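In Swiss-Prot this protein carries:
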type     : residues                                       : note
COMPBIAS : 1-19                                           : compositional bias 'Acidic residues'
REGION   : 1-46                                           : region 'Disordered'
DOMAIN   : 88-263                                         : domain 'Helicase ATP-binding'
BINDING  : A101, K102, S103, G104, L105, G106, K107, T108 : ATP binding site
Amino acid sequence: MSHEGEEDLLEYSDNEQDIQVDASKAAEPSELDATTAEDASNGDAEKKGSYVGIHSTGFKDFLLKPELARAIIDCGFEHPSEVQQHTIPQSIHGTDVLCQAKSGLGKTAVFVLSTLQQLDPVPGEVSVVVICNARELAYQIRNEYLRFSKYMPDVKTAVFYGGTPINKDAELLKNKETAPHIVVATPGRLKALVRDKLIDLSHVKNFVIDECDKVLEELDMRRDVQDIFRATPRDKQVMMFSATLSEEIRPICRRFLQNPLEIFVDDEAKLTLHGLQQYYTKLQENEKNRKLAQLLDDLEFNQVIIFVKSTKRANELTKLLNESNFPAITVHGHMKQAERIARYKAFKEFEKRICVSTDVFGRGIDIERINLAINYDLTTEADQYLHRVGRAGRFGTKGLAISFVSSPEDEEVLGKIQERFDVKIAEFPEEGIDPSTYLNN
């Protein structure tokens, strides 16, 4: 890889012969109720949950460290999901991994458990680097490390992202008492820390990119990742994960990998979400607000996420909803970092049931109570549609997704989505639908 010029710290998160395993032939997952990780730092690590498991194999059969096995039991996990079953046995032994599996099947746990299994913490040395595209996702991954390392008191994890003072990161890194063994970061901030020689990555043994297609498809972000990658040893494990991996992005991913295990759980053409009901409704642009209010009145839901195309529309729609007695919160990339994280936590902790968001919440964010996703503004990309609606119906639980179609461009995108994922999206019936089709018992 050629050495790229140094760039200023950028914000990315709000964008307005290989071993191959074909897991698509495996048995269909059973639909088990599930909950995702709660914020470990808030003392919610004892919440119980279960990934959609289809194998009689238990996590105990992976022969993990006793400390890890105990944390897994505390979380209520017994059987691995399909992607975990196919990946963990080799990833814990240092094999490079390229993994595509639909939203909600526990990809995060694959690299969290695999890296913790291999970790032998040395004070002051960074052993694991995890890169992701969004600050909220970095925060969430950090919390997964916290809950699975709860019985590994010597292990320290830190998260670094833009929008916070870099001198605070520097202070944490230079103090051996606080220096992390595991770093979760967005590319821009980590590149800046490397550039300014504030972090030493010469001891890294595991290099992970989550949502790798999003991280590597943008040239500026890819350059930052390359600079970070060059600061790590040549001999290390590299793992990449995403819900979508197009044929075009796979060769770019493979440049970072050596003889990888390639896992594709469900063929790309069939990236459907078990238990998720998908509909569209045709309307004029000026009818969207009335229709949204009607849906929020008529539908039964725990929490709903409403996707819009811009920060301005997010703010305006949230204001309108609150004025109409629909208490709502908004999250987008243009608000101050502390406010954004606070709102994310408030929504996750069920302080509000309605969240209006740009695509900053469109990838990887796990909030287990969301069972309704509404595309107020339909995305322009088929892959992004999957990431958006994947916020509902996580881990095989039921959910409902409704997309507003208000223009010929929207109709064209809807057609591409159905063709891309080999799925039929029906028009939402005027009389509504039976709540039992999208609500768990």
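Each residue, glycine too, has its Cβ placed from N, Cα and C.
Since this is a predicted model, take the numbers as computed values, not measurements.
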Densest Cβ neighbourhood among K102, K107 (binding-site residues), 10 Å radius: K107
T108 (ATP binding site) has how many other Cβ neighbours within 10 Å of its own Cβ? 23
When DSSP is mapped onto helix/strand/coil, what comes out for K107 (ATP binding site)? helix
Row L105 (ATP binding site), column other C-beta within 10 angstroms, all chains, value 25
CB neighbours within 10 A of S103 (ATP binding site), counting all protein chains shown, number 25
Within 10 Å of the Cβ of G106 (ATP binding site), how many other Cβ atoms can be counted across all chains shown? 27
According to DSSP, K102 (ATP binding site) sits in coil
Counting every protein chain present, what is the number of Cβ atoms, excluding its own, within 10 Å of the Cβ of G104 (ATP binding site)? 27
